[in-house]
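Just below is one structure, and these are the notes that go with it.
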């Protein structure tokens, strides 16, 4: 459809927030169209209206007029009605001329947006504290400010056939594997035309994630310093307008245990904290299964004194141990979800006080024994140390608990082997998810459980061509 003022007015006839301003530049009538509350009135006046009103040369063509008078950037031509709507929704104004067919758009955006703030999900003790907002241009500038290299590429896409949500794919040319860049680009292009409206980065993430797993094979972060570091390692970052999280690929199992403080604090403190995260993951995943296997099938392996105490605690509980354990795990999951959904100050209070009250009430009512509350409490606390693996921990410890309740230690071993096999089978955009674990490359990797000195940490292991499959 040809773009004209009449066509645009017909399309926007029921939109009361669209404003029309008519001015004369010499003898040429110019109509300025914009959306109220999305444009900055001061910018519009200073950069467009005043220069046009003060223009005193004969108008030869629109291009010359815009180049010599309009101060807003960019001042370029619009060719279609769809493009016009896109610019209007981005805070631009359109300039229609009576004597010329060209339509010009100028950026005078001034809509409300959240300022750069401290991210709540990735707290740090020592290091940068600024986080992404919902404005993609602000987020892009935060990353570019840290990577002052001409090799960084920012490819732009439009997601949704009607929403036209902006998306950037960022990578360093020559560092990011070319085959991964091509694969991710094709996936984004497929997602872009798959629906009319796309608003979240998760639409892209789901197209890149491994299927049938609770483990995230696509990472995410709210911190520009983390994203800049990942890009420098050869990863690919995806930003979507309206989302305060950036998607990261490739994303490995080991990445879930790394935080900013690992690289900004003392090496020994960082190694201790990282070791605790690894131990906490396995404790949260395996502890309930070991407990149910020993108590239900292999109580002879429990020391006699502890066994008598367990029997005494269990004497007042009317349900089998497996039911007791699942009920308590369910209660703690409900409590955790409630803490997340409530306002932050109230949520943190609920998570602490609620756990104490719930545990005490469960024991007092005979619904659960003290040792079960302790096991479930340890499991929950340990899962807090690795929040990015929380969902995987929940599903896998539940599966291992069920197998252990049915078969005892053989069931526990079966669940553990299934977990290891599942992780070994996963891949993230073509690379093994468990990389570099179980490869010869792990012997020279200085950033796994043990973090070497920062000067010892070289290129990420997945950039060593051919080594990941050795």
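Each residue, glycine too, has its Cβ placed from N, Cα and C.
Automatic prediction, not curation, is the source of TrEMBL annotations.
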Which range is it, out of 356-386, 418-448, that shows up in TrEMBL as transmembrane segment?
356-386
Who are the chain neighbours of the transmembrane segment (315-335) in space, where the CB to CB distance is under 8 Å and they lie at least 6 residues beyond its ends?
288, 291-292, 295-296, 350-351, 354-355, 358, 362, 366-369, 372-373, 375-377, 379-380, 394, 397-398, 401-402, 405
What same-chain residues lie close to the transmembrane segment (392-413): Cβ under 8 Å, and 6 or more beyond its ends?
213-216, 281, 284-290, 292-294, 296-298, 321-322, 325-326, 329, 333, 379, 383, 386, 419
